[in-house]
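Asks: Below you'll find the structure I mean.
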Amino acid sequence: MEHNINNSEMLERTRGAVRMSTRIRRKSPSRYSPSRKSSTSRSSRRSPARSPARSPARSPARSPARSPARSPARSPARSPARSPARSPNADKRKLPFRNTKYAKVSIPRIEFPTEKINNKEKIMVTRNSTFNDNQTDTMPLHYRLKELEAVSRRSIRMSSTPKMESPHKFTAFTRNFDRAVSLPVERKSRLHDITDGKERGFSVQRDQDLTKPVEENMQSELIILEKRRQNINLVDEPQEWGGWFGTYILLFVLPLTVIAPQLLCSKAMCKLAYLEIPTDIQLYINAYSFFGYMSFLLLLTIFSFIPIGRCIDGQQSKIGRLQYRMNGFLCAALSLTILSICVYKKLKLHDFILENSLQLSTSGWILGTIIAIFLYIKANKAPVACLNICASTNSIIYNFWQGREINPRLGSLDIKIILLRASVIGLIIVNLSVIIKALENSSSLDLKDINLAELLVSSLQIFYGMDMLMYESTILTSFEFTYEGTGYMLCVGHLLYPFLPTILSRYMLFRRIQINYLFVIPILSFIIGYIIYRISNSQKDEFRKNPLSPALDHLETISTSRGKKLIVSGLWGYIRHPNYLGDIIMQWSISCLSMTSEILPYYASLCCTIVLMHRAIRDNRRCKLRYGYAWEQYCSKNVSL
């Protein structure tokens, strides 16, 4: 009897364990369809509330119906091993399976109109959503949140389209969405103008708009072609100096304007009527003058490498900011020291300079031409960003005159600044030689015997040159240093410059003029010109380096389309180039110290005026092309050139 009771208890325990395993297997979402999840979840929630007393009462009624569905081979084999261990704490083991749920995020989808979708499309949408749900469940939470953000942003933009008339337009829009992010605003709007039957590639060129008349399209295309032709002509054709023919003439006119006046100042005379054209070639060029000038350039190059002086960044260019060592004053001091040593040793270097001014000027012409040819050939291997756009024409002569590079360099050596120092230091050396010669010609150091007028003229020119070296950093923001190419014009012009203003110094050396009260007028005008020249140059230099400087808050400016600003107040509000005006006033003030009616003392001032006025016209034309409407506004407020 006890044996039968034990068998019945074992049978009931086995059936209870089988029912437990069946309920656990039903909770797997992968084995049953979603339609049966609700019933399974209800049965699993009811299992903890059942008492042990009720399970035997219900087991006889349910076991016959469910036993055929179960596998007969698995129930007897598993019941002896698992039922004793699982029956006491079956309720505790159900909790992990019941509470383990994956986080699900509902992703908004594109809502198509129901009346336009057939049954096949509904089936495809259902399958895709089921696949995406299953795939999303297996992804980590932070990836699902990222996907949610990206998809929701795209769905909002696509759902904002009023109609879905053309599936092709919708597809093209979604394909070009990622590419449109990196385009400018005006090109993003062009992506919506997609014609039927065409698919946009990776080109940003706008497709043909078929809604516009053909005539309007042709007119717009003609306008675009005309603008392109004008831009090509600005680069391809010479625009300044009279074209290639004008520059061809200037190749010979430039040296003649400096060399020819040297013929008027020789043999202790300096007169316009005294003109003698020598036929001997030795009087124009000799080896001593040529190698002497070349040695002077080599010394300046060596002095420029001395690591003494400030390193200053130049203006922003296409290749970045170039650095310059501001040691021009040191180079001048060393050069004057060599001249003083030669005078002390009685080597008569100052006499050699004054007696061979014609040969030295001719040597400067030859050396400048050689340097210009070298730089023209060097530009063939220079980067495109270093080239001068105004010297990229189809004329070799014009490009040679203008200079194909703006700031040519040999390593860290800037050739343009070497040429500039050669012109200024050469001017100082020639004037100092004239002063030494004037002191030698005087019988004593008494003021009555010294040619004070000549000393005054030479001293003002030396002061002008020293000022350029003291404020050498301001030259880096000038028009010549920023936009002018380093070609024949600059190379020859800088090496001939020391002998042009010194014509007045040598003229005063051979003429003794008594100083009177009238000399006060040119001296005062020189001071006024220098103040205008220095203030305007320093103001422009500081503004170019730091437009937000507190010292420039009082200045009114006009913003340009290039991100720069134009000063429209102060000295720059009265005249467009006050620095040129101050330079011209200084040159004419020095010339007026001659107190003569002859034209030769005013020759250098006349040349300076013509060059600076022509440069102002060129600068005005380039600024109009560069700044456009902002420059027109500035010109309307400031009429003076």
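The backbone N, Cα and C atoms fix where each Cβ goes, and this holds for glycine too.
What TrEMBL records for this protein is below:
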type	residues	note
COMPBIAS	30-42	compositional bias 'Low complexity'
COMPBIAS	49-88	compositional bias 'Low complexity'
REGION	1-100	region 'Disordered'
TRANSMEM	241-264	transmembrane segment
TRANSMEM	285-306	transmembrane segment
TRANSMEM	326-344	transmembrane segment
TRANSMEM	356-377	transmembrane segment
TRANSMEM	418-438	transmembrane segment
TRANSMEM	450-466	transmembrane segment
TRANSMEM	486-504	transmembrane segment
TRANSMEM	516-533	transmembrane segment
TRANSMEM	599-617	transmembrane segment
Asks: Looking only at residues six or more beyond either end of the transmembrane segment (599-617), which have a C-beta under 8 A from one in the stretch?
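Replies: Those are 257, 261, 264, 270-272, 479-480, 500-501, 503-504, 507-508, 576-577, 580, 583-584, 587-588, 590-591, 641, in sequence order.
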Asks: Do the transmembrane segment (285-306) and the transmembrane segment (450-466) share at least 3 Cβ pairs under 8 Å, sequence separation 6 or more?
Replies: no
Asks: Out of 241-264, 356-377, 418-438, 486-504, 516-533, what stretch is closest in contact terms to the transmembrane segment (326-344), meaning most Cβ pairs under 8 angstroms?
Replies: 418-438
Asks: Per the 3+ Cβ pairs under 8 Å rule, pairs at least 6 apart in sequence, do the transmembrane segment (241-264) and the transmembrane segment (418-438) touch?
Replies: no
Asks: Checking distant contacts: for the transmembrane segment (356-377), what same-chain residues at least six beyond its ends satisfy Cβ-Cβ under 8 A?
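Replies: Long-range Cβ neighbours of the transmembrane segment (356-377): 255, 258-259, 262-263, 265-266, 283-286, 288-290, 292-294, 297, 399-400, 403-405, 408, 415, 419, 430, 486-488, 491-496, 498-499, 502, 506.
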Asks: Short question: which residues 6 or more past the ends of the transmembrane segment (516-533) have a Cβ under 8 Å from it?
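Replies: Tertiary neighbours of the transmembrane segment (516-533) are 453, 456, 460, 467, 571, 578-579, 581-586, 588-590, 592-593, 595.
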